Amino acid sequence: MRLFILAVLTVGVLGSNDDLWHQWKRMYNKEYNGADDQHRRNIWEKNVKHIQEHNLRHDLGLVTYTLGLNQFTDMTFEEFKAKYLTEMSRASDILSHGVPYEANNRAVPDKIDWRESGYVTEVKDQGNCGSCWAFSTTGTMEGQYMKNERTSISFSEQQLVDCSGPWGNNGCSGGLMENAYQYLKQFGLETESSYPYTAVEGQCRYNKQLGVAKVTGYYTVHSGSEVELKNLVGARRPAAVAVDVESDFMMYRSGIYQSQTCSPLRVNHAVLAVGYGTQGGTDYWIVKNSWGTYWGERGYIRMARNRGNMCGIASLASLPMVARFP
């Protein structure tokens, strides 16, 4: 069914909106009560119309990425923003605790994809919880643990959601990766299997005996320099980053995402930079999201690189130094 929906939108011909609406609801397990069904359908149809018009522009060679249906198609961007996005302040005192990354003329490859060598775990889904910062944190921790121990482990986002509040994070209402590092300097991070994700903030259930990894320090790139971020990712493995999300990002399907409206000065969503490359003369970042595999390129987005710090990708980047716990 997913392939059918994608094919319909790719050619830009919907046929029956009724059929597609019901198929979409079944695919994403959407159920509404009474008048809310029509309200959600009205929003859905506006988004579908925008997707069709945008993809026609793509077919004409006017834009470099496509849009598609996903689990968010029945939401306005304002609703989506209120539920999933939180402005991530760069004014926090905690941001001065990291070590600004310096490449020291260390050469990095022209392209790299850390997925190919086992440094990136499967795409995860944060669900109805504003915990992107926790997924960004575990993503970069997973890469560093693999680098040090040659073992791939999926770490617990739920532990960070439940337990790092005293370090400045707000569970499902937002947080900062660097606050999480400060917490992990004192407590070991458990695995996903020992402390599974629930998408709801709960009481801290940390078990010291099950802690696996800790943070001893962290590198930062806060300058907005994509060259510095490339050096960090190319030399040190996947890095936690944050970006400014706007409506087309919410509906992104494939291609190299280029936005004229997102800001390089503010960020509201944490993700993971797992590599970079070039296609058809356009440089891009490979970015892992935490919205499941039905979003984007099976959970990933390629974002234009060397375009003036587009969407602020190099404004709040970090990478922890990881060791075994205790």
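Here the Cβ of each residue, glycine as well, is placed from N, Cα and C on the backbone.
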Per Swiss-Prot, cysteine bonded by disulfide to CYS129 (from CYS132, CYS163, CYS172) | CYS172
Candidate cysteine (CYS204, CYS262) that Swiss-Prot pairs with CYS163 in a disulfide = CYS204
Which residue, chosen from PRO100, PRO196, PRO320, is annotated 3-hydroxyproline in Swiss-Prot?
-> PRO196
3-hydroxyproline per Swiss-Prot (candidates: PRO109, PRO264) = PRO109
On a count of neighbouring CB atoms within 10 A, which of the disulfide-bonded residues CYS172, CYS204, CYS311 is highest?
-> CYS311
Neighbourhood of PRO109 (3-hydroxyproline) by C-beta distance under 8 A, where only residues 6 or more apart in the same chain count | GLY234
Hey, of the recorded positions listed (CYS129, CYS132, CYS163, CYS262), which one tops the CB count within 10 A?
-> CYS132
State the count of C-beta atoms found within 10 angstroms of the C-beta of HIS269 (active site), not counting that atom itself.
-> 27
